[in-house]
Amino acid sequence: HSSTQNRKERNQRRQPRCLLIIFATAFCSSPGFCLENVLTMAPGSKANKKSTVDAAAWMFNVVTSVGIIIVNKALMATYGFSFATTLTGLHFATTTLMTLVLRCLGYIQPSHLPFTELLKFILFANFSIVGMNVSLMWNSVGFYQIAKLSMIPVACLLEVVFDKIRYSRDTKLSIGLVLVGVGVCTVTDVSVNTKGFVAAFVAVWSTALQQYYVHYLQRKYSLTSFNLLGHTAPAQAATLLIVGPFLDFWLTEKRVDMYDYNVVSLMFITLSCTIAIGTNLSQFICIGRFTAVSFQVLGHMKTILVLIMGFFFFDRDGLNLHVVIGMIIAVLGMIWYGNASSKPGGKEKKSYSLPTTRQQKNGDDSDEGPRLKA
């Protein structure tokens, strides 16, 4: 009884700090918090502006991703809302509303994405979401983390095969160092079973293909991040909101319509959906400006931050010397990767060009978002 009371007191003390981070993240996720504002404050040279916006894009993605993980952890662990697929459908529904409002206000220009390309993207993206949820359910946490780490080699393979990318020795070694560091941080117990392995295999390949396709579609059809979200978010919202309740019932044996909704849980659901707008947008911005491999490698900084934030807000026993050493190794690997991949020959592309469209020839830079009014 005393241990339960102490745990409640610790959670009460951490709640103000947790809410502060959540509200700050929600502010950064709002459409008004745009990278265009950062661009106008950047120094005059084009190179400096690009570096500033690149850094802002990464920060935007890290803040929103860490924020949504903290909110979802509180929502699921504390308030028992364990309907992950349905929640993701709500995320895309909220993102769809945002893109519709911006299109009505004239911030998003009309664009074209062939139905076949949209269908392939939706299949990859939805298999990624469903596969990850099922993999987490059927596998041990250790094997689940190993599966997530394997996305980097798969993403590298896709770039080598489809984009004819060649990596230098230092770039390859730096990626390996990141994998080792994150593995030391996160991988504990490892047990494998057949159905769990199949789920992890589907999740890894579909996620890597989805992230590769984000970069590919933005280049080929000159789509901005908002344009691409405007095409994909409605379809993902519709499919996940239809499939989600059934999949969640299969995984948890609980019905989403029978959940005991209250003011606090609804507030966390609303915050999760709000932050998801920034998470979805920042993912498309980062992959569009860089590549899926860079997004995966440097994105593991989010894993480290989640471990640190979890230590402060949830479990003080989760951070030990073993985890700290893994964090240091991973950060050194990320720094090495950034330096190695930016050098001449660090990450080269053979003579290869994608087929261009008339829209691409006459279009503007696809990396920039919409010009939001002040």
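Every residue gets a Cβ built from N, Cα and C, even glycine.
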Residues flagged as transmembrane segment in TrEMBL, choosing from 58-75, 148-165: 58-75
Average the per-residue pLDDT over the domain 'Sugar phosphate transporter' (63-337) and send me the rounded value. 87
By a Cβ-Cβ criterion of under 8 Å, what residues six or more beyond either terminus of the transmembrane segment (319-340) are in contact with it? 168, 170-171, 173-186, 294, 297-298, 300-301, 303-304, 307-308, 311, 346
Going through 58-75, 121-141, 173-190, 226-247, 290-313 one by one, which has the most CB pairs that fall under 8 Å from the transmembrane segment (87-109)? 226-247
Below 8 angstroms Cβ to Cβ, which residues of this chain, lying six or more residues outside the transmembrane segment (173-190), approach it? 140-143, 145-146, 149, 152, 156, 167, 293, 297, 300, 303-304, 307, 322-323, 325-334, 336-337, 339-341
